[in-house]
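Chemist: Have a look at this one.
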Amino acid sequence: MYFDIGSNIGKWALANIDQCDKIVSVEASPYTYQRLVNNCKHDRIVLLNYAVCNNDGKDITFYHADADVLSTINKEWLTSESSRFHNYTFTEIVCKTITIDQLIAEHGKPEMIKIDVEGGEYECITSLTQKVDVLCFEWASEVNDITFKCLDYLATLGFTEFYVQFGDEYAYRPTAYGTMDSAKEQLSNSVPKEHWGMLWCR
């Protein structure tokens, strides 16, 4: 079983469902969630409408971008001049929240967790308090500070090997991992507002 957190309209889930017995796909925006329901019809994909973050189960302000793949709980993702997406318009809405720990309690422990939440990675990842076999999350070069915080937190859970993927080919799997230091060095050498991808952790 996999968790697909930040599912958007379900392209990652559909590309990976043949690799596991079930995928729990979670999308925060109620507007995007309706597109997910319409697009991702599969009897082994469970669809949920939550923002996954460490917010004590309370509702959270969510910034639904006109380009819905950019929607986020991190307002600076859409407003900071250091972000490649600072000129996109958005609407403030309220979303329900759930933690990764709660998802595990309700659905079981996944073999892999994929996280693509547009600048909200740290709040999402810190809602997990146990190691899973594999976790991958999106990184963007201009927010390396967020990525480094995520890596440091994951190390406290027992993750020791890392791989920096450029781009987000949906069915990609690394064949070799390295150290955290090597991952941070690669990220530090990335070009702000240009490079991005997925960071694999195990």
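Cβ from N, Cα, C; glycine included.
Any TrEMBL annotation is an automated prediction that lacks curation.
The domain 'Methyltransferase FkbM' annotation in TrEMBL covers 4-131.
Show me how these features fit into the shown structure, please.
Modeler: Taken together, the residues of the domain 'Methyltransferase FkbM' (4-131) have an average pLDDT of 91.
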Chemist: Tell me the residue counts in helix, strand and coil for the domain 'Methyltransferase FkbM' (4-131), as DSSP assigns them.
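Modeler: Summed by class, the stretch gives 39 helix, 33 strand, 56 coil.
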